[in-house]
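I'd like to ask you about the structure that follows.
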Number of protein chains: 2
Amino acid sequence: MSRPVFIVSDHTGLTAENIARALLTHFPAQPLRYLRRPFTTDMAAAQSVVREAETLAARGERPLIFTTTIHPDVLNTLRTAPAQVFDLLTENLRILEQEFAEAPRLEAGGHHDMQDNEAYLSRMEALDFALATDDGVGDRQYGLSDVILVGVSRAGKTPTSLFLALQHGIRASNYPLAEDDFERDGLPAPLQAHRDKLFGLTIDPRRLHAIRTQRKPGSKYASIEQCEYEVRRTNTLFARLGIPSKDTTSASVEEIAAGVLALLRQSGRLEG
Amino acid sequence: MSRPVFIVSDHTGLTAENIARALLTHFPAQPLRYLRRPFTTDMAAAQSVVREAETLAARGERPLIFTTTIHPDVLNTLRTAPAQVFDLLTENLRILEQEFAEAPRLEAGGHHDMQDNEAYLSRMEALDFALATDDGVGDRQYGLSDVILVGVSRAGKTPTSLFLALQHGIRASNYPLAEDDFERDGLPAPLQAHRDKLFGLTIDPRRLHAIRTQRKPGSKYASIEQCEYEVRRTNTLFARLGIPSKDTTSASVEEIAAGVLALLRQSGRLEG
């Protein structure tokens, strides 16, 4: 028997689910199942959630309901369910109302929809940019980049650049370090004019070996010797030129991206 | 003068920032600036935030502090700041503790790091899949897909598939509808074995015209006539074959993805 966890939102429910997961991760022994009810914008939809909760509670599965709704009708309806309701926004909204001495404008779902059109467009433009410039581009594209991710093949450049674009509207291009670069030593020519935009990704050679082996088993490319060589040269390059870098071996794209954002903020290229 | 909004997290701070933005969007007249302090994991880091808050408060800019930390030391330190502190997790954690009659396991940041390794790997694999199969692939890849996004060029297939992969670990491939498909009418041959996986994207022809004009100004591809023709044929195809679809004209990738997820859940291919 698992506990039903309702995610009820007047929009996509991503924020409510993130909070629910952030909380429930601290109870790893609890068997849970998620029941997502996005776009719950009126009382009828809320009543349907309540009926589901009643059915579940009747057979001993008392639900948890996490909601980011701010509609009083929807919230009051949800509160009639035989469930523990987590109202994630309205209490804090009241505190902000006092803090600002101003009533909130109560249209729904403003944070994830097209109201913030400019920010959204910049995310989509950054995504186009990341896709167009994936793995090696010319000087013009490097000039337009907010950051240039530098690292060996399969060190995490592409997922990171896509994440930076989709989540943060950051234009990230890539420079894949390869044999030629290691033979020449020094900063690769295409990067020389953009040194302040470089962010290095490094990785444990054994992890790199495992990743590459999945793609091209038995190849020189995937061999532990080649991986060790490339990583050693990469780390030397980053150290000698003072390129800020992050070890991606056990880092998620969120964590790598956080490192990039911190660098952009430190250097004043990003607010906050 | 703008209000400083601190985002304090023992991890990347994405969840805290999402909640802060969900709340603050209801006060559009308030000038705000975000000050992100990710990876605030100890008292020294928390004290540094308090000192910043004191400096700002002294010049009349009383900060807001949104935090998802669950460290008692960090939280208690933040509470000494001359600021309005929004503690987003610990109150709810106490409610869950009672609900489950079990103490929370209090390691930090479990929801966004590598602890949930399997889910993370499936996201990265789905991303590889989306990148490898972008814009037209063979039958094998369609067979491996969770969903196949169908639509004309620039209707939003690629951003949606990348978002589905990065956020949800969903393997989405694309089928770009083109001239040939419209001339033949009926379901394109490569899709016939995968009809239950199709999800259509449609778009207002004027919006499509605007998007394509940015890319290839003056081309037949971007002309309003061509856009109207393609969209009309697309909509006819979706209607005749009963392909579920979403209008992407003023939808964000989050909203389009929510439509895809709802379809997958309805058909039992995704839990919840």
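From the backbone N, Cα and C atoms, a Cβ is placed for every residue, glycine too.
From TrEMBL, here are the annotated features:
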type	residues	note
BINDING	A:G151, A:V152, A:S153, A:R154, A:A155, A:G156, A:K157, A:T158	ADP binding site
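Walk me through the surroundings of each of these features.
Non-local contacts of A:V152 (ADP binding site) by the CB criterion (under 8 A, 6+ apart in sequence, same chain) comprise A:P176, A:L177, A:A178, A:I203, A:L208, A:E230, A:V231, A:T234.
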Name the secondary structure element type, per DSSP in three states, that contains A:G156 (ADP binding site).
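The residue in question, A:G156 (ADP binding site), is coil (DSSP, three-state).
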Starting from the Cβ of A:G151 (ADP binding site), draw a 10 Å sphere and report how many other Cβ atoms land inside it.
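If we count other Cβ atoms within 10 Å of A:G151 (ADP binding site), we arrive at 26.
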So if I draw a 10 Å sphere around the Cβ of A:S153 (ADP binding site), how many other Cβ atoms end up inside it?
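For A:S153 (ADP binding site), the count of other Cβ atoms within 10 Å is 17.
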For the ADP site given as A:G151, A:V152, A:S153, A:R154, A:A155, A:G156, A:K157, A:T158, which other residues of the same chain have their Cβ within 8 Å of the site's Cβ centre?
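Once A:G151, A:V152, A:S153, A:R154, A:A155, A:G156, A:K157, A:T158 are set aside, the remaining close residues are A:L149, A:N174, A:P176, A:L201, A:I203, A:T248.
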Radius 10 Å, atoms counted are CB only; among the binding-site residues A:A155, A:G156, which position scores highest?
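Most Cβ neighbours within 10 Å: A:A155.
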Using a 10 angstroms cut-off on Cβ to Cβ distances, just flag whichever of A:R154, A:K157 is the loneliest among these binding-site residues.
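Relative to the other binding-site residues in A:R154, A:K157, A:R154 has the fewest Cβ atoms within 10 Å.
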